[in-house]
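For reference, TrEMBL has these:
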- 28-60: domain 'C2H2-type' (DOMAIN)
- 72-101: domain 'Zn(2)-C6 fungal-type' (DOMAIN)
- 105-132: region 'Disordered' (REGION)
- 107-123: compositional bias 'Polar residues' (COMPBIAS)
Amino acid sequence: MDLSVLLGSFSSLRPPQATYSYSSQKPFKCGFCGSHYKRGDVLRRHWKSCSARIHAGQTIPGPRIGGKERHACDVCARLKKSCDGGKPCLECATRRKDCTYLRLQESGGSPRNQHTPSPTLNKLQPEPINPIPDVALPTWDLGLQPYYPNHQTRLKARALRDGIQSDG
């Protein structure tokens, strides 16, 4: 069988990431002299000897810091829980813990919703109990539900069924 038949519609045997290094694209541009490079590490190496940068007296730009911005409180970070950034956050309010952001103050980060109560915490506040049922409010019809009487009620029912009167 012919190899071209086995490959079908594949235009190249190289994986997509390998084709990038063979292309003519140079997306990394030196902001000092305008030179283009295929890779970021080559651009950083170029900055060390870039005459335009040296003549301008500019310093080499610092590395780009990746990763996610920190926003979790100390408790959520220690427990590796999702934190909503409130003061207190939902997790700390539920666990009745002091909600602090000391680790963020040390590193320069900030909580998402700084100095605001947790938006989900407001939903947990008990609603006032309405002693009089409102007929306009919809109710759930759960149908016939099983009833499991307590021990005293079962004894009374058995006594009534057997024709024995009990006082109580």
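Using N, Cα and C of the backbone, Cβ positions are placed for all residues, glycine too.
The model shown is predicted, which means the values in this text are computed figures rather than measured ones.
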Using DSSP, what is the helix/strand/coil residue split across the domain 'Zn(2)-C6 fungal-type' (72-101)? 12 helix, 0 strand, 18 coil
Give the residue counts of the domain 'C2H2-type' (28-60) per reduced DSSP state, in the order helix, strand, coil. 16 helix, 4 strand, 13 coil
Between 0 and 100, where does the mean pLDDT of the domain 'C2H2-type' (28-60) sit? 91
